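Enquirer: Below are the structure tokens for one structure; questions will follow.
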Amino acid sequence: MASTKIVLGAIFIASFYLSASLAFPPGHHEGAYPVGNGPVSGLSPDYYKFTCPQADEIVVSILKKAIAKEPRIGASLLRLLFHDCFVQGCDASVLLDDTEEVVSEKNAIPNKNSIRGFEVIDEIKAALEEACPHTVSCADTIALAARGSTVLSGGPYWELPLGRRDSKTANMKLANKYLPPPNATLHRLIKFFQRQGLDKVDLVALSGSHTIGKARCVSFKQRLYNQHRDNRPDITLEKSFYHTLALACPHTGGDNNIRSLDFVSPSKFDNSYYKLIMEGRGLLNSDEVLWTGKDPEIAGLVKSYAENEPLFFEHYVNSITKMGNINPLMGHNGEIRKNCRRVNQEI
């Protein structure tokens, strides 16, 4: 794979009238918080206006059924965007399966038995190909699915720049190197995000995507039993929360048991994630260190978002837009895959 991916990109903003389709007219959908933020140079929310105007409507119709069937899938699709963009840019490399020519990013340590939602992307892509053959890229499909999942979960809407193309390669080595682990320290998290051109505001705002979704016990078991390699729990864990987690995640076994990242409103995109962090009830170490990591700017943002949900939504939209446009392939670079799991020459 080629260039270093930078991080996800954006989820809210107001006028679907400017976007390829009007599946969520401003003011009509739940959680609509219009925020002005122009498209990144080279991409445009109008990209499919004439070639596939119904693209977003197709995406959202499939998402509604998928989320109704399994509410967790919305968070999985949002996470897919992050794991794609951080590795050589937002180019759908994360969707490629292993072949003789491709070593899939799906087998990287941060991804294996962890990232999911590929079948939903397959279904969306098949519907897009039927309606508008060889038009909508897999990279844009991920971005549209991430935005739709956010809005359908009650979160903000954003004007989404489109026109990304798909890579012909994947990079498992970069996935292992550039995707932050769940036990990362605050210093390491800042470095991971800086590498992608993202700042502290982006780090705190994008971490708010953990307001929905779940994590496996293996992702946070270290906090329960051996946080500093001293056979003791993380002292920043609130005591009753610690006991609840210990019951669900025993010292031995249970690694694949799952817990909600935000147990107060696990399927609703809101600001309760930040309130929980301030109470010592963040699930992952990478969540809790935003509050306990002794960085006044970052802790101040956590407090501001906990107290002001519209501010969180505004910053989140800006940051996810920024992330979603990390090193996109455009023009004649890359291709428009017919099947998101394979480069075209292999179909």
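Glycine is no exception: its Cβ is also placed from the backbone N, Cα and C atoms.
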Enquirer: Same Ca(2+) 2 site as Thr211, Asp262 according to TrEMBL: which of Asp255, Asp270?
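Expert: Answer per TrEMBL: Asp270.
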Enquirer: With the disulphide bonds as TrEMBL has them, who is the partner of Cys52, out of Cys132, Cys138, Cys217?
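Expert: Between Cys52 and the options Cys132, Cys138, Cys217, TrEMBL records the bond with Cys132.
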Enquirer: Based on TrEMBL, name the residue from Glu70, Glu101, Glu105 that is recorded for the same Ca(2+) 1 site as Asp84, Val87, Gly89, Asp91, Ser93.
Expert: Glu105
Enquirer: With reference to TrEMBL, which of the candidate residues Cys85, Cys90, Cys138 participates in the disulphide bond with Cys340?
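Expert: TrEMBL lists the disulfide between Cys340 and Cys138.
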Enquirer: Sorry to bug you, but what's the C-alpha spacing from Cys85 (disulfide bond) to Cys52 (disulfide bond), rounded to the closest Å?
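Expert: Cys85 (disulfide bond) has its Cα 24 Å from the Cα of Cys52 (disulfide bond).
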Enquirer: With the cut-off set at 10 Å between Cβ atoms, which of these disulfide-bonded residues ends up with the most neighbours? Options: Cys217, Cys249.
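Expert: Of the disulfide-bonded residues Cys217, Cys249, the highest Cβ count within 10 Å belongs to Cys249.
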Enquirer: Hey, how far is Cys249 (disulfide bond) from Cys85 (disulfide bond), Cα to Cα, in Å?
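Expert: Counting only the Cα atoms, the answer is 31 Å.
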Enquirer: Cys340 (disulfide bond) to Cys217 (disulfide bond): how many Å between their Cα atoms?
Expert: 30
Enquirer: Among the binding-site residues Asp91, Glu105, Asp270, which residue has its Cβ surrounded by the fewest other Cβ atoms within 10 Å?
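Expert: Sparsest of the binding-site residues Asp91, Glu105, Asp270 by Cβ contacts within 10 Å: Asp270.
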Enquirer: Whose Cβ, among the disulfide-bonded residues Cys85, Cys340, has more other Cβ atoms within 10 Å than any of the rest?
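Expert: Ranked by Cβ atoms within 10 Å, first place goes to Cys85.
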